[in-house]
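In what follows, a single structure is set out as structure tokens and then discussed.
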Amino acid sequence: MVSNSDEPPSLPETIPYITNTYQVVLHTSAFLRRLKTALDGTNNGKGIIKYNLGGPFKSVYIVARGEKNIQAFLRGSRDLDSEPFIHMGMENLWGFSKKDADKFKNDSSGRLKNPNPLSGTTGTRYWAGMHQLYDEFLTKPHHANALSHKFLEVFNDRLENQFTVGKWTETSVVAFMKEHMFQASMTALFGTERLKIAPETHGLYWVYEAYAWHFFYGVPRWMFPSAYKARDELYAAGKKYLDAAWKNFDWNGQEDWEPHFGSRFARETARWMREAAGFDEKTQAGFFTLLLFALHSNTLPTCTWMLIYLCKDPELFQAVREEALSAYYSQDEGTGRPKEIDVGKLVMLPLLQSVFAETLRLHMSFTNIREARKDMVFDGYKIKKGSWMQAFTGISHREEAVWGREGHPADEFWVGRHLTWSENDGKQVPQFSIAGKGGDFYPFGGGTGMCPGRHFAKQEALVALAAIVTRFDVEFVEWTNQDGSKSDREARGDEKFAGAGTMPADRDMKIRWKRLW
């Protein structure tokens, strides 16, 4: 779908223009609605729309429809470059010093083990070094599984200490997950000491998350002074954690997890940034704030939505419980209750996977961005060097022509959307499949920009859900506003987060539950 041409054809006039920088940066949900209207009104049939950002000088092309187009966009690393936007994030969102951000700008050797022979880059390879950390200590099964098991251990402990067996109690789903899943995730990745050293991290994080998109685009500090203050304080909390970890960790130890740095990934990242890359303290603290954001911003609201959907549907709740119990492989000698869980088996269970995929489809709203490295032709359209291209999951994931089924429109949750059924020993057995949807379903991005933490994210969400559904009987009580007052409607995706990742629930769900074991 992507080709080069000395004389590319002109852009057809039938493609509508959308111009509103304010909406793109500060009110993305309104922009996406306008985009959908424009897309439905165009007669070019190809699903590519152009608009201008920041005046008439920056052309942006939205690849909104067409599986082959989306795949070409996500995988076209030779012609489409995501690095300029990573640079934006480094300075505006991640807290890198300009000096350290420039190290990445000046490194054209690529992410692969062998450097690009045309780059001319000598010395430290920053992109490759960071990619190697992700690949070795976050993506590979041994370390991803170690993270998941530590998360499950801490999460289970919190469930057992917070709730008494056989006693009905009321709780709010969103508030519960923001407290307990956050704490368990933090402990798994960063150790037990981070929240002890900087307990303010928990409160500051939610402000940082709510304004992350504003930080990314460099919205002036005077517009949101309290948000920028929270961001700076969160950086400072990250520095306190790193200073204490460096002071107290015994580098002769090689455990997968220990209390000061936490995971092997966090420890090796800290060592690489200080010793190999030579980054300053500001950059190190900023990057560990980014890791905090990457850990929670998508997985936590996704798992919360999954639990909300199960609590709304008792029959589905029971079916997921029975499936999850099949992944337990040992029992407690004293109680006979399930004890150990096979994480590898759990994440392959069809019903559980379908709940996960359907939740991502409905609530992941992320803006994938690339920049054209050269003049090019994309699906017959002339794209000039330096132009931006975007693909919105919030458009692709809700296409009625792709996802709609009779009685189950694309904008509603339906767990059967990703399941097929076959007969086995006289029983109907489900199989999960998302095959053939590579250009229509891309919650983790694609190509070299695909989320490196996607394996742990899936494991974390599914083990948290399994821990709850196997341990608790649940009854729905009512919908509430975030302040606890009664709501007149159920939860929807919070549009403040449109374009930035998983949209969390804008309402809470009050439930009664009883711990079974």
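Residue 1 is the first one shown; counting continues down the chain.
Every residue, even glycine, has its Cβ placed from backbone N, Cα and C.
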Quiz item: Of 103-122, 483-502, which span is tagged region 'Disordered' by TrEMBL?
Solution: 483-502
Quiz item: Other than its own, how many Cβ atoms are within 10 Å of the Cβ belonging to Cys451 (heme binding site)?
Solution: 18
Quiz prompt | Distal contacts, the compositional bias 'Basic and acidic residues' (485-497) - CB-CB under 8 A, six or more residues away | solution = 28-29, 174, 210, 213, 308, 362-363, 365, 478-479, 503-509
Quiz item: Can you count helix, strand and coil residues in the compositional bias 'Basic and acidic residues' (485-497) using DSSP?
Solution: 3 helix, 2 strand, 8 coil
